[in-house]
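*Asks:* Next up is a structure, given as structure tokens.
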Amino acid sequence: MSKRNSVNYRNSGSYRAPPRFPSRRYSRSLMRNADGFVIVWMERLMADLGQGCYLEKLKPRKKHKRKYFLDYKNMTVYYEGSKRKKVQDTKIPISKIKEVREGEKEYAKHLQDLNKSKCFTIILGNSHKMVYLLTDSEEMREKWVKALRYAMQLEQLAEQKNESNKIVREAFNKADLNGDGHLDFEEVLKLLKSLNTDIKKKYARVMFDEADKNKNVGVSKTSVLDREEFVEFYNRLTKRVELEDIFLKFSNGKGYMNIRDILGFLRDGQKIVDANEDQCRNIIDQFEPEGRCKKSDLLSVDGFRQFLISEREQLFNPSHRVVYQDMTRPMTHYFIASSHNTYLAEDQLRGPSQVEMYISALKKGCRCVELDCWDGPDGQPVIYHGYTLTSKILFEDVIRAINNYAFQASPYPVTLSIENHCSVEQQERMAQIMTSVFGDKIWSTQTDLIRTPTPEDLRNKIIIKGKRLPSITERDADVSDEDEAADIPNNETSVNNNKTKRNSKIQKIKLSPALSKITSMKSVGFKTLEQSAQPDSFFSVVSLSESKVERFIQTNPLELNKVTHNRLIRTYPAGSRTDSSNYIPMPMWVHGCQVVALNYQTGGKAMQLNQGRFMDNGGVGYVLKPPFLLSEERFKFVTGNLNRSANSMRNVKLTIISGFQFPKPKNSQKGEVIDPFVKVSVHGVAADEAKFRTKVIQNNGFNPRWYETFSFKVKVPELALLRFTVKDQDPGKDDFIGYYCIPLSSIQEGYRHFPLYDKHDNIYRQSLIFIHITISSA
């Protein structure tokens, strides 16, 4: 693991950071945006929208007319006209916008004469909040959509240049309540506290005076800092001492690194044993800010810091950010990112069903989504959690959303797991909708398969999973139905009190030939492990509940794994999990189960492991299983029945050095500044499971330092995940701050940073953990 391929920094596109926005030179360097509009035209459009225009904000059963502005300088959208909201509450930073969509369907049934061609929707990142807006013309709608998408593009590119400064500027704008572009010393102290920084007042005053270059005076006749002065003040105040220590070590105490020093750092510090001098010069070219150092082939401490926090030097191996695995193996050879009851936004009994949940899952790389289909009014099938009070959504709306988003995150096939409870007539309607919307994206085969298809075979294809009629049947007929809804415990929230119907897991339903014809992945009822392990001429899948799989893992793990050699196994949460909680997926993966379905709407350990597993191989939702999961004999060492060679095992030495700019926990019960600690856990085969934790750092969520080392052995590194969790020590229950999960096989050795994710898997780009890690043969 110590040796890896060299990196050509000169040819690495991720290192080409644009000048800081806003900048004419920066904007024009793009020449054209994604929609083909000339940049000069886009700049004029943004300037026009900066003058403001009237839009109507849509809410259920009512509209509010407001004057909206696109602030080109500060990259925000804001409105005027609200008497109840403060100015700061009317602003939407462009960086917080996740998506801009055309049209609006949700409120059409509530508002009379709503022209959807004049509507657009702004979707905000971490909260998934939606802002619905109505313009006075289609032309104005197009202007806003194009301008906002262009502004988002600029923000994303600007992040690559200087993410931390952008965060500081945003905080400054929020603290500048009167909008005069200045903050006095007391306002600066309050802002520092909001950024989770606890600095002694005397020290902060010295730094404040040094940063006050312009000697401006505010309305209170006291010294003030403008936006750029505050950024300078903030950067001085928050120097990374731990990075400077490493710099001094590898520069032999000099104030710079020469080519030989950089080469020593790459080989000894970063474990790139085949690094060369050309790579060192490329690093200087890319990251050294001082012209004199660059001309002399020297790297300053500022250049070294920029190099270490760059994306290519992060913990996750950049070569794993793209598809690098063989995608021409049978589908049974892959772990497949899968969602259970995809339509639910909350619990399984009363929560809302939302089309948005399908969009969210697909954009995260999920490749198997579930549709629980029932007869609806007016001949239109609906999706909801049967026998419960969950709300209903139209089947057609879901299919159209899937069609629009199926292949945005990944080109590899998406499986629709159909839970069919519909009459034959509405099944015909389902088939009609899918055929019309998906067209030739549907993968359909009516003949016996010579071999199981591969992800590469099925690029950009929709696979429909469900029951199939025998090939000789041309009219509707009965088929068995294994109903997951029957697993739901009987309670007062059930709409249907027919216990016989609910508790009969295997029923007979009539199946439409039209629906059967487009169903290419056959759902097969489970009888025994021995029967399921037999090869099948159909592309089939066996669905097993969480409890059943856990029982097989305990009683017959070898036979369970044998089934996965030739057939897909889909696992799903127990019906008793009415709160939409999740089971831990690792034991299922360890035993070869491919389609481990989880409740994507529920954050926590299970979804964190899922995120870690599927960040590999370009995040496309398909990860190749290790070869030993496809060999009955070699699988025995997973169960502890066979010893493994030392060369296959790994010794890991991990030092948690420091953290940087941790966010405050939401709904925290105490003051502004947190007391963070880091938990490290190893997940994999039972013998590899381990936990460690650092000490607590009091009152420092901004730049805590630990310097704590943990060493451990991993027997099956191919399956192991390393999970970091940052928490805030709190009386009673510690507050969750963020996490990061990564496959051990995707780790770069050496001094590495990595970002944190929140409980909804949204990234905190400015929140980093800094570590040193080595991985060697045991």
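Just so you know, glycine gets a Cβ as well, placed from its N, Cα and C.
What TrEMBL records for 1-13 is compositional bias 'Polar residues'. The domain 'PH' annotation in TrEMBL covers 48-153. What TrEMBL lists as domain 'EF-hand' is 163-198. As annotated by TrEMBL, domain 'PI-PLC Y-box' applies to 518-629. Under the heading domain 'C2', TrEMBL lists 638-758. The region 'Disordered' feature in TrEMBL is assigned to 1-22, 473-504.
Context for these features, please: burial, neighbours, distances.
*Replies:* Residues belonging to the domain 'PH' (48-153) score a mean pLDDT of 84 in the model.
According to DSSP, the domain 'C2' (638-758) comprises 9 helix, 59 strand, 53 coil.
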*Asks:* Do you know the DSSP helix, strand and coil residue counts for the domain 'PI-PLC Y-box' (518-629)?
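*Replies:* Helix, strand, coil within the domain 'PI-PLC Y-box' (518-629): 45 helix, 22 strand, 45 coil.
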